[in-house]
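Participant: Let me give you the structure first, and then I'll get to my questions.
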Amino acid sequence: MKYLWRLLPLGFILLLAGCGKQNLSALDPQGPVADIQFDLIKLSLYIMIFVIVVVFAIYLFVIIKYRERPGDTHIPKQVHGNKALEVVWTVIPIILLLFLAIPNVMQTFTLADVDVNEEEDDFVRVVVTAHQFWWEFEYPDYDVVAGQDMYIPTNTKIIIELEASDVIHSFWVPALAGKQDNVPGITNDMWLIAPQEGIYQGKCTELCGEGHWLMDFKVIAVDPDTFDTWASSMARTVDEEEEVNVVSAEGREVFEQNCISCHAISGEGGDLGPNLTNFGERSVIAGFLDWDENDENLENFIRYPTEKKPGNLMQPFPNLADDEMDALIDYLKSLKVLE
Amino acid sequence: MADQHVQTLPPNLEKATLEGKNKYLGFWLFLGGETILFASLFGTYLGLRGSLNGGPGPSDLFHLPLVFIMTMILLTSSLTSVFAIISMKKGNYKGLLTWMTVTVLLGAAFLGFEIYEFVEYVEHDLGFTTSAFGSAFYTLVGTHGAHVAFGIAWITTLIIRYRKSGLTLTNAPKFYVAVLYWHFIDVVWVFIFSVVYLMGIGG
Amino acid sequence: MSYAKAQSKSAVWDWLTTVDHKKIGIMYLVAGAFFFALGGFEAILMRIQLMFPEASFLPAQTFNELLTMHGTTMIFLAAMPILFGLMNYIVPLQIGARDVAFPFLNSLGFWLFLFGGILLNLSWFFGGAPDAGWTAYVPLSSEYSGTGIDYYVLGLQISGAGTLIGGINFLVTIINMRAPGMSMMRMPLFTWSTFVASTLILFAFPALTIGLLLLMLERIFGATYFAVHAGGNVVIWQHLFWIFGHPEVYILILPAFGIFSEIISTFSKKRLFGYSAMVFATLLIGFLGFMVWAHHMFTVGMGPIANSIFAVATMAIAVPTGIKIFNWLFTMMGGRIQFTTANLFALGFIPSFVMGGVTGVMLATSAANYQFHDTYFVVAHFHYVIIGGVVLGIFGGAFYWWPRMFGYKLDEKLGKIFFWMFLFGFHLTFFVQHFLGLMGMPRRVASYLDGQGLNDMNFISTIGAFLMGVAFIIFVVNIFVSMKNRETSGDPWDGRTLEWTIPSPTPEYNFAQTPLVRDVDAYWHEKYEGDGKMKAAEPLGDIHMPNGSILPVIISIGLFISSFGFIYREHGVIWVAILGLAITFGAMFVRSIKEDHGYHIPVEEIKNDKGGK
Ligand code: HEM
Ligand SMILES: [Cu+2]
Ligand SMILES: [Cu+2]
């Protein structure tokens with residue numbers, strides 16, 4: 001639970017720290033989509049437990065009653081079969097399956113329903129692009145691009161469009177919604193709603209290479225006002241930024257020399273790596289790695305990106321001078337949009 | 001167990017021995033598998049035929065007259081292979097060999113046209129790697145072409161190997177299944193003609 | 001070749017050239033067992049890595065290679081060949097045949113499988129094994145993986161050709177070579193399931209052949225079926241793969257069902273309950289097996305209509321499967337159940353497989369599948385059906401037919417220790433994985449982070465895997481220590497079907513006289529309704545046998561060699577590919593122009609063998 005405490009600086013998280021939830025389990029659904037799915041899981045489980053109980057009962061009865069006893073050499077009657085019984089164990093399973101199949105078909109359509117009324121409905125559209133091995137979240141209606149942390153407003157239908165830049169990945173936030181695949185060349189969609197504020201763990205579930213197992217992300221649900229603040233600060237350009245957030249000019253310079261070709265901040269920079277505009281508010285590095293008290297993990301990650309995240313495509317910077325590194329880290333930590 | 005010294009040959013030569021019967025059935029089954037093979041290629045082609053990637057497409061390339069001639073040649077070769085089997089059933093071994101030779105020649109002519117066709121398309125900028133359409137097209141039609149080539153080699157081998165043996169219980173099933181195979185690749189071509197060329201030109 | 005000449009070969013040459021279905025069957029079993037041990041070792045390595053969170057026992061890349069090779073090996077090189085071994089040995093005996101329909105092709109099928117398997121495994125030594133999972137999804141496998149995938153493509157292509165040949169061979173054998181009186185509806189269930197599985201092979205493997213061909217052309221010749229930048233479509237691969245892949249799981253499980261039908265009926269001393277329902281259910285499963293492939297693709301974006309259709313079709317398969325379960329239970333009902341090791345495996349199978357089957361129905365629930373898919377829940381599910389079904393079937397079949405195949409009985413006591421340890425280890429390994437999946441552990445991960453509540457169950461799972469490993473060693477020990485238990489009666493279990501009517505060891509020609517079949521469970525019928533002896537359908541006479549041939553080995557080696565030319569084409573060795581193909585086609589050419597008339601075993605020799613019983 002140590003790392004939950006480290007979330008404290010993000011003021012709005014305070015509320016959550018209390019409940020100490022992992023928010024990673026499909027068995028503990030936190031939104032309507034996951035609820036639907038959990039209900040179906042339970043329904044299918046109950047039907048299946050019924051089947052198991054019936055089969056096991058007959059099975060135990062038979063092997064106990066008809067076991068060979070010492071000295072028994074009788075030849076059992078050679079029964080051929082029984083038509084009526086065959087019908088029974090054909091029809092009953094069909095009926096049982098219908099109890100599952102019908103709700104399933106209905107819910108399959110419900111979950112595929114991403115239509116919204118552009119004027120009336122309250123919704124946010126997020127384009128999720130998966131890369132080896134990180135996540136990019138674009139909010140086309142807000143002009144915002146974010147990396148690794150997907151901020152969403154609570155109680156709002158989130159329409160998610162899934163894309164991939166290299167191989168197939170899959171977007172899964174167990175506590176909020178089952179997965180859909182990010183397929184190169186194809187755009188898939190899904191929706192979810194988070195009624196409560198919180199941080200929800202997300203994972204890539206399609207084998208996508210060496211770094212697959214570390215391709216984690218977070219969905220962060222905040223109240224709609226906070227979300228609006230977040231989105232508008234994220235959308236600020238560098239020029240506007242200058243006044244708000246000049247902390248480490250030196251660090252900014254190091255960044256511009258080394259990092260900006262791949263990472264963007266406030267609308268300026270490349271897109272080969274995650275956008276870092278709100279990096280100072282991340283709870284983890286690269287989707288999974290704890291920040292250390294003395295920032296060692298961050299420094300290490302920048303110097304040797306594949307050490308903790310094998311397969312990582314970020315270029316290593318082993319020779320950055322110590323003072324440059326310190327300035328860079330100061331700068332990165334200052335990148336906040338919610339304060 | 002094929003007995004070489006049978007004087008009067010039974011009817012249905014191709015299925016007279018157990019070996020023959022096995023070969024006959026096994027070959028039909030093999031063709032069943034080949035059907036799935038081509039179905040998979042057709043499916044792939046249908047999925048990709050619109051993906052031109054800026055390269056030429058079906059309507060830019062295909063010329064009905066050429067393909068029509070190819071179709072006619074292959075259909076005729078099927079017919080001549082039927083004549084070969086009719087000769088076989090009548091015990092006319094020479095007729096069998098002659099008609100099989102004609103079949104092979106027609107097959108070779110078809111193959112020649114196909115090669116010409118491919119060269120032509122390459123000159124019109126449709127390479128194997130140009131687009132998904134190009135890859136799928138050459139793979140489907142080329143796989144068929146490879147089957148024709150294999151058929152030609154196979155039947156030629158049979159003709160040469162058995163040029164002097166006369167009709168026996170051993171070679172009758174061999175000729176028979178070779179002809180089955182030939183019909184099969186003919187049928188596949190009819191599908192290629194309709195799905196690739198007619199649909200390609202017709203839209 | 002004369003009879004005398006046929007008798008005087010050296011042992012090695014004899015095995016290399018044999019076309020005897022029994023010897024080929026044994027070679028399949030030996031090679032399959034080797035690959036099974038290898039795949040098991042790979043699994044243990046993975047489980048050691050997963051024993052603790054964020055472990056560094058294996059680098060992620062190595063883990064991905066192990067998981068790919070484990071899956072591929074187990075499916076293509078272990079489970080299927082071992083079943084093929086049993087089919088090869090047993091099916092001709094069960095239908096009263098002297099051999100299979102195509103002895104030469106039978107041998108070719110084996111050698112293709114073996115060389116394909118060796119090729120695939122050589123990837124370990126030449127630049128790394130394939131690492132994109134046994135499903136090798138593009139574009140990961142086409143554009144983002146090294147030569148390992150080339151080994152995968154060519155290895156599977158070669159061994160797949162062997163499988164296809166084997167499938168056709170079984171079909172023709174079963175249709176054409178049955179003894180007089182052995183109508184289709186009198187065939188033992190193992191033969192029936194071989195028949196249906198072979199049909200599935202025939203119609204499923206060509207889809208894989210094309211999938212692999214496209215992947216190969218894409219990787220080697222730059223084709224663009226899957227390359228998105230040139231308009232390609234990556235989902236086509238998934239369709240082709242699963243059109244093959246789903247029937248494949250039935251290719252594995254149906255023969256296991258057949259084995260259990262034989263075992264349960266024999267050791268309940270009762271005729272199989274609902275024989276025709278069992279046959280019908282097998283056919284129906286085979287048919288439906290082709291209608292459901294896209295249940296592996298619910299999350300790929302096919303849309304709700306396709307998802308619903310495939311969900312319902314998949315659920316439908318549960319019905320014929322249920323029919324089988326109940327018929328097995330009712331076969332035992334009223335019987336006299338003997339708890340031999342073979343039967344223990346059958347009895348262990350029923351509850352284990354039911355658990356795997358019900359999670360299958362849960363997975364088929366498309367809307368819920370979005371949660372299950374690609375998590376450890378799926379890993380748990382398919383191991384429940386594959387180990388709880390196929391592997392238990394293989395071990396059950398091994399204990400059951402061992403005396404028939406090797407002339408001695410496996411030790412029952414060691415067998416029972418093995419069974420209980422394996423069964424317990426299996427459930428320990430995989431039961432907890434259902435929960436791991438739902439608690440957020442994706443499949444195919446090289447490790448997992450600490451503090452997510454996944455540690456304990458992963459630890460338990462690894463302990464179970466160790467138990468299975470130790471159990472398997474006990475089985476291997478059993479094979480050797482039991483060799484002294486010679487079994488000469490030929491009918492150690494009071495069997496019901498034709499394979500138990502012949503002496504032990506099985507003579508080369510199987511049946512001195514082709515038997516006449518008068519009922520389902522032909523032997524049982526003669527034992528309890530007749531005089532205990534099979535009626536003969538022909539007089540005693542010389543028996544014609546096919547000659548052995550080295551050509552299958554040469555054909556396979558040719559393809560094996562040519563694969564290296566393709567894999568290292570960039571090093572200018574394409575001539576190796578051409579050379580290899582020339583060897584293969586040359587050998588095929590020789591085969592086609594050389595007539596092989598076989599030889600005869602003289603009747604005196606057969607009488608000396610003490611003939612049939
Ligand atoms: C000792 C027994 C076994 C153990 C402990 C074991 C363990 C595992 C593990 C840890 C994985 C990787 C799962 C993942 O990372 O997603 C796996 C995958 C797999 N196993 Fe097994 N396994 C065993 C036996 C078998 C057998 C007998 C078969 C088939 C006959 C089999 C078929 C597969 C398949 C098809 C996969 C999927 C591979 C892939 O993801 O590409 N396993 N197994
Ligand atoms: Cu990924
Ligand atoms: Cu399936």
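Cβ atoms here come from the backbone N, Cα and C positions, even for glycine.
What TrEMBL shows for this protein is this:
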type	residues	note
DOMAIN	A:18-115	domain 'Cytochrome oxidase subunit II transmembrane region profile'
DOMAIN	A:121-233	domain 'Cytochrome oxidase subunit II copper A binding'
DOMAIN	A:246-336	domain 'Cytochrome c'
TRANSMEM	A:45-64	transmembrane segment
TRANSMEM	A:84-102	transmembrane segment
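Walk me through the surroundings of each of these features.
Facilitator: Note: the domain 'Cytochrome oxidase subunit II copper A binding' (A:121-233) comprises 13 helix, 62 strand, 38 coil (DSSP; helix = H, G, I, strand = E, B).
Mean pLDDT across the domain 'Cytochrome c' (A:246-336) comes to 87 in this model.
Remote same-chain partners of the transmembrane segment (A:45-64), defined as residues 6 or more beyond its termini with a Cβ less than 8 Å from a stretch Cβ, comprise 93, 96, 99-100.
Within its own chain, the transmembrane segment (A:84-102) has Cβ neighbours under 8 Å at 43-44, 47, 50-51, counting only residues six or more beyond its boundaries.
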Participant: In the domain 'Cytochrome c' (A:246-336), how many residues does DSSP assign to helix, to strand and to coil?
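Facilitator: Going through the domain 'Cytochrome c' (A:246-336) residue by residue, I get 37 helix, 8 strand, 46 coil.
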